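Visitor: One structure, pasted below without further comment.
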Amino acid sequence: MWTSIAKFIIKNRTLLIIFLVISTAFMGYQMRNLEMSYDYTAVVPVNDPEMVYFRDFKKTFGEDANIIAIGLQDSALYELKNFQHLQEFTKGLSEIPGIANVTALPGLQYLAKDSAQKKLYPEKIFKKQPSSQAELDSLLRFVNQLQFYKDQIINSENGATGILVSIDKTILNSPKRLPLTKAMMELGDKFSAQTGVKLHYAGVPFVRSVMSTKVKKELQLFLILSVVVTIVTIFAFFKAWDAVIGCTLAVMVVLLWTVGTMGLFGYKINLLTALLPAIIIVMTVPTCIYLLNKYHQEYVEHGDKNLALIRTIAKLGLAAFMINATTAAGFIGSIFTDVAILEEFGIVAGINVFVAFFICLVVIPIFFSYMPAPNEKKLRYLYSKPVNSALTWVDKRINTHPNWIYGITIVATLLSFWGIYQIKAVSYMVDDLPEDSDVVQDLRFFERNFQGIMPLEIVINTGEKRGVFKLKNLEKIEEFEQILSGHHNITKPVSVVEFLKAARQAYYNNNPEFYGLPTKMDRNFVLLYLKNMLGKSSTKDTSNIGSRLIHSFVDSTGQYVRISMKIADLGSYSMDTTLSNMIRPAIEKTFASTKLKANVTGTTVLFAKGNAYLNDSLASSLITAFVVIVLMIGVLFLNLRVVIISLIPNFVALLITGGLMGFMGIALKPSTSLIFSISFGIIVDSSIHYLAHYRQEIFYKKIAIRQAVSDTLMETGPSIIYTSIILFVGFVIFVWSSFGGTKSLGILMSASMLISMVTNLTLLPTLLNSFDTGKVSKDETYMLEDFDNFYLEHEDEEIDLNRIAIRKINPID
């Protein structure tokens with residue numbers, strides 16, 4: 001079959017070139033649909049009950065993660081001139097298109113009392129710029145009396161203050177968020193230059209903006225690095241520019257197909273999919289080198305360029321297909337994870353691994369059919385003395401000290417189990433950014449001064465319409481809020497309860513001693529004043545603090561109440577513990593004897609739950625990849641003993657990689673959870689190559705097992721070494737990422753390539769010497785005849801050289 005394919009490719013090279021150009025142009029055109037992802041990475045499936053509830057929450061109360069917070073802590077801020085600059089800064093922020101509201105010290109409102117009309121009304125504290133330091137100090141003292149803002153906008157202990165900027169929902173998850181963020185920071189830089197006060201930026205929208213910008217930059221960086229690595233590696237290997245041009249041409253075509261596939265399917269570029277183009281390039285280079293190396297070997301054998309090209313396809317066709325099939329299986333395992341970003345990653349990668357195979361199979365032979373035959377200089381690399389000397393040394397150790405190899409393997413495996421035990425499945429909202437980055441340090445500022453900035457929401461169902469206005473329900477909600485306030489990583493809650501406390505304080509002329517829920521004695525008076533204030537308010541009246549709070553924290557029926565808090569970036573593990581051991585028990589304790597029901601939701605909660613899905617995803621993707629790859633190996637060899645032997649070196653390599661992961665403190669997260677299934681799909685290729693050649697030696701040459709093992713090591717060893725080094729260099733480029741997860745992926749993937757090289761060149765031959773029987777069934781030969789380096793003489797007779805117009809001159813006419 002592969003001989004027929006080879007003849008078809010050479011004979012119809014013009015048609016194939018035209019088809020490839022048109023199809024690649026089409027895929028390139030699909031790139032116009034490609035967009036950056038501006039949403040938070042979705043890990044929890046859309047049909048999960050908690051995700052469904054969260055979507056309903058946003059329909060009722062609005063977006064919970066639409067705040068960009070700006071923090072300031074400097075006593076100089078409260079000097080008259082600097083405070084005036086702060087007023088100008090916050091006014092400038094409110095004028096930026098896309099900003100819905102700015103809550104900041106200069107624009108704070110309080111509830112004033114109108115005894116004549118028996119109502120409360122919102123009044124600005126700073127109606128104009130203070131004209132003197134004494135006036136400013138007086139107004140600041142008044143602000144400190146307003147308990148509603150205590151430890152929300154102002155830290156009562158150290159004077160730190162925050163500016164809360166609400167982003168319009170139409171801007172929040174769109175490309176317009178980036179220029180909005182940039183405009184905010186430009187105003188902030190101007191303010192800092194005027195006052196010398198440092199600003200700290202935080203909040204989910206800000207983190208997303210920074211991440212999106214970095215992802216875009218790293219996509220470009222890794223594309224450039226991967227292409228450079230391709231060129232350098234191929235030139236270092238072949239020392240020939242035609243090899244560089246041919247392989248780079250194939251790589252660039254595959255790159256267009258990869259990016260085009262993302263555009264065709266409507267997938268957005270996120271932290272994971274941004275790695276795909278570079279990864280697929282890395283996976284394409286070994287196939288190019290396999291084909292080109294085999295072409296040179298064939299040419300050395302008989303000196304006929306065109307026959308060498310045809311034999312290359314015929315001999316390596318199945319081998320290259322199996323290599324790409326097992327690699328694709330490692331990626332495709334991600335499709336069965338129920339995690340959207342992993343599914344998208346697996347689909348695009350799996351498809352384009354096969355695309356890379358077909359493109360290389362067409363581009364490399366056709367390109368070199370137009371090139372002159374390789375000269376002696378271009379073939380010199382085939383006789384590498386250092387590699388052969390190293391393999392001879394390894395072969396000697398395999399035959400003389402097998403127990404040493406087993407002993408080292410057992411010790412390494414036991415140590416690896418210890419390391420694996422230390423792996424933690426934990427993610428942080430910003431853990432892909434370095435600890436010393438401005439984003440992380442600014443987040444720490446808010447955690448030190450305001451307990452945190454990540455959104456946490458609780459919805460209370462009172463069980464009846466207008467149930468929120470019943471005093472007994474409000475008292476229960478207050479009791480629950482007081483429990484939450486005792487947690488040092490959770491901010492003071494904001495809810496209708498806090499607003500009613502502020503209304504009571506306002507009724508008593510803003511005396512801080514009266515900040516509390518209305519009592520039975522003053523309830524009717526406070527509610528009358530409040531009702532008269534809210535009677536004509538509109539949900540769109542964002543200038544009225546009372547209207548804004550009521551309509552943001554109580555649904556239209558008065559049955560559901562929202563309690564909004566901010567929490568520190570505890571990490572998914574600690575967050576889950578906080579939910580399970582503190583918040584949910586508090587809900588049960590407070591509301592068990594009432595009709596009130598509470599649900600915890602919010603972006604942070606969904607983020608924590610996503611980590612549990614990642615654990616399941618890792619297991620399912622590994623199992624899927626394992627089953628598919630084992631079936632492939634089983635179909636190829638039809639021998640259970642050989643299948644088991646082929647898996648052991650690769651499992652050992654994965655265990656050692658997992659041990660390194662644990663010892664290095666690398667946690668499981670979306671980017672690192674892919675490592676094991678992808679690595680398994682790649683590293684098993686070396687075992688397949690080795691075993692296929694070994695079985696051929698046994699069956700066709702009828703030689704002893706030890707001789708077959710040694711001969712196979714010397715013949716396939718160089719290709720295993722070269723391929724492993726190429727993959728190592730290809731994956732190690734990700735170490736230069738500014739994202740922790742991507743950097744970890746680069747470290748572990750590149751390490752697994754080298755580890756598997758060692759296990760497949762030492763442990764695999766040793767296992768064959770110890771446990772293989774040397775029997776090869778007749779059924780197994782049907783696959784082996786088409787695999788790897790074996791080639792039957794009668795296949796030359798099937799190649800009608802005249803029909804495919806091969807002549808003595810070059811190139812082919």
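The chain as shown is numbered from 1 upward.
The backbone N, Cα and C atoms fix where each Cβ goes, and this holds for glycine too.
The domain 'SSD' feature in TrEMBL is assigned to 249-370, 642-770. Taken from TrEMBL, the feature transmembrane segment covers 219-238, 245-265, 271-292, 313-335, 347-370, 404-421, 618-640, 647-668, 674-692, 720-739, 745-768.
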Visitor: Which one of these stretches, 219-238, 271-292, 313-335, 347-370, 618-640, has the most C-beta pairs shorter than 8 Å to the transmembrane segment (720-739)?
Guide: 271-292
Visitor: Counting only pairs 6 or more apart in sequence, are there at least 3 Cβ pairs under 8 Å between the transmembrane segment (404-421) and the transmembrane segment (647-668)?
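Guide: Yes, the transmembrane segment (404-421) contacts the transmembrane segment (647-668).
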Visitor: Can we call the transmembrane segment (674-692) and the transmembrane segment (618-640) in contact, meaning three or more C-beta pairs below 8 angstroms at a sequence separation of 6+?
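Guide: Yes, these stretches are in contact.
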Visitor: What is the number of residues in the domain 'SSD' (249-370) that are helix, strand and coil, as DSSP sees it?
Guide: 111 helix, 1 strand, 10 coil
Visitor: Under 8 Å between C-beta atoms and at least six residues away from its ends: which parts of the chain pack against the transmembrane segment (618-640)?
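Guide: Here the qualifying positions are 322, 325-326, 329-330, 332-337, 342, 346, 646-647, 668, 673-674, 676-677, 680-681, 684, 688, 691-692, 695, 776-777, 779-780, 783, 787.
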Visitor: Under the DSSP assignment, what numbers of helix, strand and coil residues are found in the domain 'SSD' (642-770)?
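Guide: Its residues fall into 112 helix, 0 strand, 17 coil.
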Visitor: When the pLDDT values for the domain 'SSD' (249-370) are averaged, what is the result?
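Guide: That stretch averages a pLDDT of 87.
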